[in-house]
Amino acid sequence: MTTSFLNGERVVVLFFISTILYSLPFSLLSHALSLSLLALASFFLEISVESSISPFLLRTRPGASSGILLGAVTLPSLILSKLIQSSRGLSLGQLQPQEIEYLTLQYWATTASVFTVLLFLAFTLRHSHWALRFTFSFIFFQALLCIAALVTTSQIGLHPALKLLWVFFHGLASVKLIQHFMRTFPSCASIGEAFLVAAGIVLYFGDMLLLTLKKLCGLLVSSELATADDIKRSEINIIIQGLVLGLLLYPIALKYILQIWEWSISTSYSEQRKYYEIGRSLIFFASLGFVLIVIVPLWMQFVQEFHMHPFLWVLSFVFSEPSKRLSLCIYWLCIICVSVLRFYNISKNSKIERILLRKYYHLIAVLMFSPALIFQPKFLDLAFGAALAVFLILEIIRVWRIWPLGQPINQFMNAFTDHRDSDFLIVSHFSLLLGCALPIWMSSGYNDRPLAPFAGILSLGIGDTMASMVGHKYGVLRWSKTGKKTVEGTAAGITSVLAACSLLLPLLASTGYIFTQHWFTLLLAVTVSGLLEAYTAQLDNAFIPLFFYSLLCL
C-alpha cells in the first residue's frame, strides 16, 4: 500500500521539499513547519482524488494525473528559496530588512492561497476517504500557523488585521480564479497546473494592487503601507507588470463591450455576417489600442513616476545603446522568421513526431536568449515582457476568433500543438516563454548565484531537449510501464546540463560574475529537475525551471 502512495513524481517532490527544509536557517522555522503542513495536506488530498471512483467536479486535462502535490508546493517552495537567498544578502548588508519582510508577507499570502484552494478541492470531493481527514487536519493547523505568524511578526509595518485581510484576499481570489479557469477552459489543464497558474496570477496581481493602494491611500496611511517607498521597483518591472495584468483583465472588459455593442445594433445588421464580423473586429482593435495606449500607461504612471509616457521610456531605453540592442532585435527577428517558416513547412509535410519538432524551439530559445542574458540582461527582461504581451494578444485574437486574423492564427498554432493543448487554450508557447523568463525576472534583484537566471534556458533548452531526443532515438529502459520517459533520455538530459554549466561558468567569470555555486548543489539541482522531467505527467515546461531555480538558490 505504501508503494502505491509513493509514485515517482511524489518521491521527487518530497525529496525536493526535504532539500529546501534542510537548507532553511533556524530563523525560518515557522516557514519550514508551514511548508511541511502544506506538503502533507496536498499529499493526502492527491491520494483522495486519485483513488476516487466518482468523477471530479472540475474537468481536467485527459491523460494527466491530478498533480495536486506538485502544484501546491512549487510556488511556496520557490518563495522560500528566495527567502533563503535574501537572508544571505541581508547578512552581507546588501539588502534592506524591508525587502525580507515584504518577501515574507508574499510567502504567507502564497501559503494562504494554497491551503484555501486545498480546502475548496477537499470539499468538492463527492466521496469520503480516510486521507481526507488528514488533509483537513493539516489545513487547519496550517491556517492557525499562518494567523499566528501574521499576528506576531512585523512584515512591512502592517497592522495584524490588515495582514490577515490581505492574505484572506489572496486565498479567496485564488479559489475564484481556479474555478473560473477550469470552467472557462475545461479539460485544458490538470488541477496542479491550474493551481500554479491561479496562485501565481493572484500573487502577481496582489503585488501591483498593493502599490496601487499605497498611492490611493496617500499620506493618511503611508506609515501602514510603506513597501512602495522602501522597496525599489525598476521601470522595467512596472512596465511588464502593468502590461501583462492589463492584458489579462482586458478580456473581461471586452466581453461586456461586445455585449453592449450587440444589443445596440439592429437585428437586420447582426444577421449580415460579414458586416457583423467587421464591426466586431473594429471594436476589438479600437478597445485594445485604448487600453494599451491610455489605460495601462496611466496605471503605470500612477504607481511609479515616469517622466514621460512609459512606451516612450521604452524607446529611449532601447536607443540608449542602439548598436547593441537593435542588433539583438535584428538577430532575434532573423532567427524567428527562419525557424518559424522552416518548422511550419516541416510540420505540414514531414512525418517527424510533433514532440521532437517542438524541442527544436527549445534549442532556438538557447540561441536567442543566452547571448542577451550574458551581455544585455535588462534589455532581455523587457524583451520577455514584450513577447509575453504579443503572445497574450495573439491568443485573445485566436480564442475570440477576431476577423481576419483569428482563423489563420488558429491554423498556424495548431501545427505545433500536442496532447497537452486543446482548441480552447494553447499553452505550450506560454509555458516555454515563461519557463525561460521567470528565473531571469526573479534574479533581477539580489542574486548571488550566477547560474540561477539560466535555470529555464538550461533545463528546457538543453536538458529537456536532449532528454527527449536521446530518449526517442536510443531509449530502451523506461522509468515506468505506462510512461514514455526513458533512463537513457534522463541521463542524457542531466549530463548535457552539467556540460553546459561547465562551459557557461568560465564565460560568466570572464564577464565579472563571482563564482559562488557549489558543484554538489548544482549536481543535486540538475538531478532532481531531471528526475521530475522523467516522472511527471504535468506540463514540465512550467514546473522544471521553477524546481531547478529553487534548488540553485539554496
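The backbone N, Cα and C atoms fix where each Cβ goes, glycine too.
Any TrEMBL annotation is an automated prediction that lacks curation.
Sequence annotations record features per position, and here TrEMBL assigns transmembrane segment to 12-45, 105-123, 130-152, 164-182, 194-213, 238-258, 278-300, 356-376, 424-444, 450-470, 491-515, 535-552 (among others).
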Surrounding residues of the transmembrane segment (105-123) on its own chain - C-beta under 8 Å, 6+ positions past either end: 31, 34-35, 38, 41-42, 45, 48-49, 68, 72-73, 75-76, 79-80, 83, 132, 135-136, 139, 142-143, 146, 149-150, 155-156, 158, 163, 166-168, 170-175, 178-179, 191, 195, 198-199, 202-203, 206-207
Cβ contacts under 8 Å made by the transmembrane segment (450-470) with residues that lie 6+ beyond its boundaries: 355-356, 359, 362-363, 365-366, 369-370, 373, 377, 432, 435-440, 442-443, 485, 488-490, 492-497, 500-501, 504-505, 508, 513-517, 522, 526, 529-530, 533-534, 540-541, 544-545, 548-549, 552-553
Candidate ranges 194-213, 424-444, 491-515 - greatest C-beta contact count to the transmembrane segment (356-376) (under 8 angstroms): 424-444
Folded-back contacts onto the transmembrane segment (238-258), same chain, C-beta under 8 angstroms, at least six residues removed: 201, 204-205, 207-208, 280, 283-284, 287-288, 291-292, 295-297, 299-300, 303-304, 310, 313-314, 381-382, 384-385, 388-389, 392-393, 396, 400, 441
